[in-house]
Every structure is written in C-alpha cells, then in structure tokens.
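What follows is a short report on a single structure.
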Amino acid sequence: LQRLARLAAYLQDPQKVADFQRLWGGAGPSGRAAWPPHAEERGEPGPLARGRGNGAIPGGAGGEGAPQQQQEDGKEPQQIWGRRQPRRNSLTGEAAGQEIAIRNPFLYYLFNLGTELGNELFYILFFPFCIWNLDAWVGRRLIIVWVWVMYLGQCTKDVIRWPRPASPPVVKLEVFYNSEYSMPSTHAMSGTAIPLALVLLSYGRWQYPLMYGLILVICWCSLVCFSRIYMGMHSILDVIAGFLYAILILIVFHPAVDLIDNFNLTFKHAPLIIISLHLALGVFSFTLDTWSTSRGDTAQILGCGAGVACGSHFNYMLGLMQDPSPDTLPLIPPSITVTLFGKAILRLLIGVVLLLLTRIVMKKITIPLACKMFSIPCDDIRQARQLMEVELPYRYITYGMVGFSLMFLVPCLFLFIGLS
C-alpha cells in the first residue's frame, strides 16, 4: 500500500506534467510567467518577447511566423515558433494569465487535434457520420456507451474532487474546462471507450482485418491521453485512471448494450422511461457539488442520449432506417466511388447544419423560458445559465432535440429528398 501511495503521488506530481510539456515542445520556463493584459499594446515586453528577434508571429501582427529565439537563464536560446493564448470558456469568463510559447507547431496542432476528439465539435460530426453514412446499428450503441462512460466519469470527478495540476509549474494550454475537477480524465475515458467500443461492435459485423481496428484503438487512445497531459489539464495519474475506468465500464456495460438498445426500440413506453431516467440522473448529478462546466456537460450528454433513444424508437415504430437482417452479415464495405463519397459528404453537411440550427433555436427558446418559469432575471445570460433551474432544462431540452433530430428528423428529411 505504501508503494502504491508513493507511485500515485509520483504520477500525480505536476512537475511531471511540466516535464512532459517541455519534452514534447510545449511552453518553456519563461512561458510560465503571467503577462498582464494589453501589455504589448502599452509597449511593455511580455515574458515571451524578451530575447526574440524581429520574426513575425503566426496569427499576430507580423503574419508569416518565422521561428524566434527564447533565452532561458543559463541555457542556450531555444527556437520559438509562435505564441498563443489558451482557449478559454466564454461562460466562465476565466481569462488566460499566461501566453503559450510554441516550439514545435506540428506537435502543438497534433495534440490540439487529440484534445478535440473529446469535445463537442467532434461528437457533432462523428456520431452523425456513423449513423447517416456507415451503420446506424453501430452508431446507436456507440452513443449508449458514450453516455454511460461520460456520465459516470463526470460524477466520479465530483465525488473525488481532485484539483487540476498546479500552474506553475504546469503551463495551461487550455482553460476551457479548468473549473472542473481532474480525476479521472473524461477525455481519456471517451478516447478509450469510443474506439474500443467501435471495434467491439463492428468487428464480425463488418468484414475488415482486426489489425486495422487495433491500430485505430491504439492511435486514437494514445493521441487523446497524451494530449491531456500536453495541454496541462491532467496529471499522468488522471489519464491512467481514466483509461482503466473506461475499460472497466466497458467490461460491465458491453454485455447490456444490446438489451438497452432493444428496449429503446421495441418497448411501448420506452420514450417515457428514457426521458424520466435521464432527467433523474441529471438532477442527481447537479446536487453533487457547486457549479462547474461539468454540470452543463452532464445534462448535455444525458439530453443527447435521451433524444437519440427516443428518435430510435420512432424510427423502429415507423419502419425507417431498418437494420440489415442477420442473414446478410457480415457486411462487406462498399467500394468508394465519387457518387458514394459525394452523397456521404452532402448528407453530413446538410444534417450538421440542421443540427446546429436546432441547437441555436432551442437555446434561444429554452433559456428565456426557464428564466421566466423560475422568476430569474435574464439580464445576465452568463449568470443565469449557471443556475441549476436554468442550466438543467436548457441543456437537457436543447440537446435532447439535437439527439432526436440526429436520429429521426434529419433521416426523415433525407428520405423525403431522396438522399437516404
């Protein structure tokens, strides 16, 4: 037990995160210093400006982005490719107090891609593509796995309540989720569960070499897990715990996925039970702790899962998007032609635009409505959205409609215009 405790303390050490960032080309020591807002506009050199040449900064006033030199105390000058401000959450209003020194642009954008594999933009592209263009049977089950993994991960964070890695020494390349707790990493959980569940569900149903699936799992999982350390948002222990926790959830829940999906499709009163259950889980999670971005994310995930399940039920009852019969399995991937590729991209573009419009419209309707119902001033939308009475119905209803549109309304449109 003492050895395990020492190992856990070692893996949770924020200095290890800072060392990982420097090893993989993140911000160096001089990039950790706070830089007062608008200092450069007042002619004051920022911490990354000292020792620089006149090279331009990508995205800055210079334009082209030639490499620059950064002098560390007692060390050789290091190449600085550019500088960035960490991505922040507009709802929390948390400002970035430091600038990021980018020494390796390829790794910087690669790990940014990895962290986006656990964000909303990826989900709103990946799940629709799977359902509309690949296999709705697999897509439905993937969303069931994703909902349970993310819900349990978010709730576990609020029970354990471990803070994010300390800064300094860690350089925060992202502060979007900084208000959440750290243990376990839900990015690592989704980055493990989604590709692994994708292979478990599709192998044997589709004809493809298992090696391809294993390579996908390893690359996807590694990229997401390493990105969270690189971004300074999780300790090594957080990521390892998230990886193992996701595997444990898959072991427990994977045998029940078929039962859950069949219940969603066939049981007469499934929509009522689904909506009630997901709403109850959302209310329970909102009482665990004070407000953080995890509250909205939890309601968002539950709402999306409920909407997809209800849409699947209506699809089944009306005979739309029928699954292939068992005697046609295993399915053979079709040859990719220009027509097939064009229709897939067209479905994705039209469908995602409709999903985004649904989200915008429902957001405009539900926030003022919730404020009116609970007599909450709507002058400051940011403050109103942080209240449980507003955030729970807003997120749940908005993303419930997004999930329902994903699974039912948009496929009906595709059928009507001959694009199904």
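Even glycines carry a Cβ here, placed using N, Cα and C.
According to TrEMBL, the feature region 'Disordered' maps to 22-88. Marked as compositional bias 'Gly residues' by TrEMBL: 52-65. Annotation comment: TrEMBL describes 140-254 as domain 'Phosphatidic acid phosphatase type 2/haloperoxidase'. Summarising the annotation, TrEMBL assigns transmembrane segment to 210-229, 236-257, 269-288, 300-318, 338-357, 396-419.
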Mean predicted confidence [pLDDT] for the domain 'Phosphatidic acid phosphatase type 2/haloperoxidase' (140-254): 88
With the greatest number of Cβ pairs under 8 Å to the transmembrane segment (338-357), the stretch among 269-288, 300-318, 396-419 is 396-419
Folded-back contacts onto the transmembrane segment (269-288), same chain, C-beta under 8 angstroms, at least six residues removed: 151, 154-155, 158-159, 263, 295, 298-299, 302-303, 305-306, 309-310, 313, 388, 391-392, 396, 400
Long-range Cβ neighbours of the transmembrane segment (396-419) (under 8 Å; 6 or more residues past either end): 124, 127-128, 131-132, 140, 143, 275, 278-279, 282, 299-312, 314-315, 320-321, 343, 346-347, 350-351, 354-355, 358-359, 362-363, 366
Distant-in-sequence neighbours of the transmembrane segment (300-318), which means Cβ under 8 A and at least six residues beyond its ends: 120, 140, 143-144, 146-147, 150-151, 154, 261, 264-266, 270-271, 274-275, 278-279, 281-282, 395-409, 411
Tally of helix, strand and coil residues over the domain 'Phosphatidic acid phosphatase type 2/haloperoxidase' (140-254) according to DSSP? 78 helix, 3 strand, 34 coil
